[in-house]
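Peer 1: Quick one: structure below, then a few questions.
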Amino acid sequence: MRLWDRFLHSFISPGLWVPFGSIVLGFLVGAIIMAFGGFNPFVAYAALMQKAFGSPYNIGEMLREMTPLLLTGLSVAFAFRAGLLNIGTAGQMVMGSLGAALVGVLVPLPPIVHAIVALFVGVLFGALWGSLVGYLKAYRGVNEVIAAIMLNWVALYFANYVIRTAILDPQQKQRSLYVASSARINADFLSALFQNARLSYGFLLALLMVYVFWFLLYRTRLGFELRAVGAGAEAAQYAGIRIGRQVIVTMFLSGAFSGLAGAIEVLGVYGYMTISTVHASYGFDGIAVALLGGATALGTLFSAFLFAVLSYGAAGMQFAADVPLEVSRVVMAAILFFVAASALVRSLYTVTLGRMRRGSLESEVNRS
Amino acid sequence: MIDLIAQLINITLVFSSALIFAAMGGIFSERAGIIALSLEGYMIGGAFLAAVAAHVYEQLGWGASSAYLAFFTAMIAGMLLALIHALATVTYGADQVVSGVVINFLAAGLSVFLVKVIYQGAGQTPTLKTAVFSKWSIPYLSDLPLIGPGFFRMYPTTYLALFTVALTAWILWRTPFGLRLRSLGEHPAAAASLGISVRRYRYIGVITSGALAALGGATITLTTTGNFSHATIAGQGFIALAAMIFGQWNPHWVLLAALFFGMATGLKNIIQLYPWARDIPTEWIYMLPYVLTLIVLSSAISRARPPKALGEAYDLSRRT
């Protein structure tokens, strides 16, 4: 009964209208742009859904795509709760991949132990890269956004250098050697369940991290302090929380989530690391995921799912309906835009639905 | 040796031009109090529209003048993207960093989408034949040793970029308009109390930044690459942002910073021609601008002080 009340309440609460309204508006913007380009948006969206849910294999691959989105989303959300914007998830992910690839290729270890050590080193690399942002912010006064953007590019070129000099595949030239099979984290039973989709234990780990995220925030002293800093840094400092240390620890843990995402890409999906000139989009996608999810554990899970459908289904759109897959990125951008400019969504909402709900709106005004 | 130096000066100026345009744009936006993280997106928009427009003009048979027309047409793309940024941040009080990320996202997705729509699924625009800039040789001056090949055989965009620096400095520090715009970056409420429309000036600042950064993107298309693909800009907007911060929001220092970063790119291209330099890993040279920016920002010597109200939405109802 109480659960049902809360369920109903969630639909009436203004907090949820913004994300839902933004999703609807985002898809609408995508439809308008497709219509403008001479495509039928209904056919395109149908093809997108068909690609994302059409077969067990596709569902499995879509969930594989969801894994880094979920982890970078949690990474951004975690920092966000402490009042920090972690725009450096791309770099932390690269460092995570690099750590995992180095251990996977160079260090000989028995099975299972090897995978665990490789994952751990990946997480550590990501976490340290994140805490570097925290250090620069807390003790050097560098804006965390600027520091993170710069470090993203440094990480990319640094990783390229290390791959090229230490673990380059002499035949391929553009990627590292394969990690040893003892370091892979493929989950055969999961793959079999989804017609050999590249799902690994990484996906299960990512789901576990949703719980870890919640636990860290709400069941540890650290999480309490972190949320206190996020709610008001000055008050938190007055209460005896050391802000500088807190910023570094927050960015360390935030970077750990992204590092795990990078490690899973190497150990669970590809088996190697590529030399690339631009960042994979997951880093910036993570911001979208976290914001749409309201920086909560479950919200991030749902929005990671939505973005995975969008991003994996996009290929189907291109294949079946000839719509360039970049449309999905426009839809993501539009959703994020409406979440960010929530005042816009609220005002649209007020115009269209406000009259029907005048009473509750007044109470909303009174509260704020 | 003299040839090498002249060549380095020349290539530095070529690679800096785009950064100078974008970084000057960044100054207009951030001096008005709006974070210019979206420079990358504006540059992508400008590079895209320049490539498409130049191709259209080329087809129309407008020859060499189509490069000039395309260059200025490109501004429209940047201004439209900037309008969205301004709408979100100025009118609806959105988080400026998030909105900047959105613009970069949008520009990257939409430009490649449109390329595919216009050119039947191709990943890049057709390579331009006549509609690209050629280098100007200034009569007499270009015959001077060292200085001639270094400074006076340049693309017209380089001269225009240098002129933009002077113009930016003049507008922002020598006109009432500039004083008003800069006051919004420091204390919007004080400016508003004197009757300055925060909203209007911030819109102007942001849209100007979009136009200038788009010129930067167009510079790359019309001088260096000759077409547009997803990899044409690849982070140059962020280097421009770094240059702007490195130069502490001051046009002349920003010019030096942009030249320095341009030189890092130029060095990378030149150095591969010489056997003695092949041992220097290119990755370290790529990294240089970013690492230097971090060092400067984190050192105690730096007085990098952003505009005081940068990133704060101005809420009319609060007046504080």
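Placement of Cβ uses the backbone N, Cα and C atoms for every residue, glycine included.
In TrEMBL, annotation is done automatically, which means it is predicted and not curated.
So TrEMBL has the following annotated:
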| type | residues | note |
| --- | --- | --- |
| TRANSMEM | A:20-48 | transmembrane segment |
| TRANSMEM | A:69-91 | transmembrane segment |
| TRANSMEM | A:111-133 | transmembrane segment |
| TRANSMEM | A:145-163 | transmembrane segment |
| TRANSMEM | A:199-218 | transmembrane segment |
| TRANSMEM | A:247-275 | transmembrane segment |
| TRANSMEM | A:287-310 | transmembrane segment |
| TRANSMEM | A:330-349 | transmembrane segment |
Peer 1: Counting Cβ pairs under 8 Å to the transmembrane segment (A:20-48), which of A:145-163, A:247-275, A:287-310 comes out on top?
Peer 2: A:287-310
Peer 1: When each of A:69-91, A:145-163, A:330-349 is checked against the transmembrane segment (A:287-310) for Cβ pairs under 8 Å, which one has the most?
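Peer 2: Comparing A:69-91, A:145-163, A:330-349 against the transmembrane segment (A:287-310), the winner is A:69-91.
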Peer 1: Can you find at least 3 Cβ pairs under 8 Å between the transmembrane segment (A:247-275) and the transmembrane segment (A:330-349), where each pair is 6 or more residues apart in sequence?
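Peer 2: Counting Cβ pairs under 8 Å (6 or more apart in sequence), the transmembrane segment (A:247-275) does not reach the transmembrane segment (A:330-349), since there are fewer than 3.
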Peer 1: Using a Cβ-Cβ cut-off of under 8 Å, list the residues of the same chain that are 6+ residues beyond the ends of the transmembrane segment (A:111-133) and lie near it.
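Peer 2: Contacts of the transmembrane segment (A:111-133) (Cβ under 8 Å, skipping residues fewer than 6 from its ends): 75, 86, 88, 91-93, 95-100, 102-104, 144, 147-148, 151, 155, 179-185, 205, 248-249, 251-264, 266-267.
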